Each structure stands twice: as C-alpha cells, then as structure tokens.
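Asker: Residues or ranges marked as compositional bias 'Basic and acidic residues' in TrEMBL: 378-388. Look at TrEMBL and you will find 138-261 tagged as domain 'Palmitoyltransferase DHHC'. Feature annotation from TrEMBL assigns region 'Disordered' to 378-425. The transmembrane segment annotation in TrEMBL covers 30-49, 61-83, 182-207, 227-251.
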C-alpha cells in the first residue's frame, strides 16, 4: 500500500486530518494558549458585557460591547489557527547530498588498493548574491541542502524553514516566511483584545460608581470579576504588547528575531533592508508563496543512488588506469598459486641440475621432495600487492622477484635440508 508524504515525514511535526493540517511537536501548548484567550473573554461576556447592554439606551448600543468582544475573539482565534496549523515555509529535504557540488580535494586523500587518490568533497558554505552583496549560506547536514538566505534549521521541528524568525511555543509552530504575517497579526490583535477587555471592565466599574454614588472600592467589591479581568489584561499587555512593539521594530528594519539576536553584536550590514515603507509592504502586501510540500501526495520510490564511498571507489579505479581492481581474496589466491607453482618448478630444476652435474651436489631423497611439497601448506600468505614473479637459477637456488617470497623459499629449503639429514641418520 502506497504511503503519503506526511506518513513518512522525517521532521518532528504532527499532522491531523490526513496531512491537511501541520503542527509543531509541541502542539499541546496550543491548548494552553486557547484557554488563556477564551476563558477571560467568557468571564467578560458573562459578568461585564451582559450588564453593560442597557448602559447605553439609545439604539441599544450596549449590545455592541458584547458583539465586539465575541467577534474580536473569533478573529484572534482564526489568526492563531492560521499561524499554527500551516506550513511555515519548510524546505523539502534531499535524499542525497547535492552531487553537482562534488569536487576533488587533493588535501584529503583516501588509500584505495595501495594508491593515493583524491577524495570527493563538497564545500560546507557557498556565496550567493543578495541585493548586490555576497551572502554566505551554509550546508545543512540533516536536510542535505544549501540553505537559502535567511533560512535556518529549527532544532525543535527538525526542518529547514525559509526566513526563519523563531519557534514560538505558545502557538506550537515555527514562525517563518509563510506564517509570519499571521503571527504578527495574532499578537497585535491579542494586544488590542486585552486593551478592549481592560477598558470595558474599567467602564463597568465607573458605571457602578455612578449608579450607587459610591467610591471605587465599593464598586470593585460589587464586581470582583471586573477587577480580576483588569489585573489579568494589565499583566498580559506586558507580554503581548511588548512583543508587538518588538516585531514592529523588526518589520521596519526588515530583520528576523533570529538575525537580531545572532548578528546584533557583529555589526553586520543588513542587506535586506529596503526602507521602512517597503519593508512593511513586503510583509503585509506581498503574495504568500505556495508551500513547497504536498503532504498528501503519495511517496515516490526513488531509484537507489550510489553512495559517496562507491563513487570514490569508481573514481579511484578511473584514476588508476581504467582497469578494475581484483578483490583482495583473489589476490591472495593468485599469490598462493604462484608460490606453489614456483616451489614445484624449483624441485624439478634442482633434480635436473643434480642429474646434469652427477656427483657435484648431494642427491635429494624422496623424503626431501615430500618435505618441500608439504611445506607449501605452511608457507606464509603472500601479500595482495604480489602480482607477477620471475624465476631463475643461481648456484642451484631459485628466487621470485618479491623479497617476501625469496625469504620464505629460503626458509623452506633450510627446513627440507634438515629433514633430509635427520632421515639419513
């Protein structure tokens, strides 16, 4: 059965409704945010706005207080949903490194079959042009791609996000290119909602003071929910209000939170700043780019590609002359066969030499011949580099071009001679 992209997604995101909605791994914190918004508004509608319906008699204007609170709250929740339940600008990760960036690095060598060959490498950074200025972008090992400018890898969601601003735990999602506009509108609208609830609660305290000709303390004792709402909104304004002001500054200078905290001390030139009016137009008036991910699409099975090690091996063979290198086991078997052949040929040459010279040398007995033939089972293994050998007679001895074989053959002649001598005794 074919699987869809969201079912095999390598990031830490959570999907619902068959991949139609995407959240961050900390999406449960979104429930806390919902409670922090809806519970105070419900208290306001029940204990404050309901009593203000008849405070403004002309045209029943008091009903507008309740309607505005409900509609404004729904608007804030919609912005929260658009911020947390959509793709923030995730860049699809690659299944293999960018092969077009491979290059030979002679400083890093890999030994293949005894030969030093350049290894395939690709640069960890490269430069791109942004507004006429060279900007360095980094390679992401997790996503196996070069991050576009202003892109960063979120360690919480485990994704590379375009124009990464920050990961907001209150909305349970990364804030990036495709949802930053909704995030700012959510924060600023929440700030206005706090101001509205605070103002209407203070108005109700004023109405109670006028109706009962009392003091502020008596009015507060008569409506404790109003006091609680005013205190809650005052504290919340320090957070959402301060966040709204900070992001107004970032938008006016065309910065992200990530860039502001990381590069502020470096005194770098902001190459993205187009001027305050143009910066605001870029955030609020440009068309949001479509998502680069189709989470509901079926996964396509890719043809297996050669790994970097196999590519290095193939390149090494090409550099070595184009002949495929035999396996190490084959080299060992060839070496052993050469040793056996050389030993048998040596025996035949020794016997022939003895027959030709008559009594010039000691005769080899059958025991000596058997000892030499049996010694090939105990002979050391020739290294894989031994490919060719040559034979020749020198004072009744034989030699192979490789020094290791020469030393091994001399040791075997010595052992065979001692064995023959013991047999005669």
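Even glycines carry a Cβ here, placed using N, Cα and C.
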Asker: Which listed stretch (30-49, 182-207, 227-251) has the most C-beta pairs under 8 A with the transmembrane segment (61-83)?
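Answerer: Counting Cβ pairs under 8 Å, the winner is 182-207.
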Asker: Which bits of the chain, at least 6 residues beyond where the transmembrane segment (30-49) starts or stops, bring a Cβ under 8 A of a Cβ in it?
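Answerer: Beyond its ends, the transmembrane segment (30-49) has Cβ neighbours at 23, 65-66, 69-70, 73, 76-77, 80, 84, 170-172, 190, 193, 197, 200-201, 204, 223, 225-226, 228-229, 232-233, 236.
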Asker: Give, as a single whole number between 0 and 100, the mean pLDDT over the domain 'Palmitoyltransferase DHHC' (138-261).
Answerer: 93
Asker: Across the domain 'Palmitoyltransferase DHHC' (138-261), what are the DSSP residue counts per state (helix, strand, coil)?
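Answerer: Tallying H, G and I as helix, E and B as strand, the rest coil: 75 helix, 17 strand, 32 coil.
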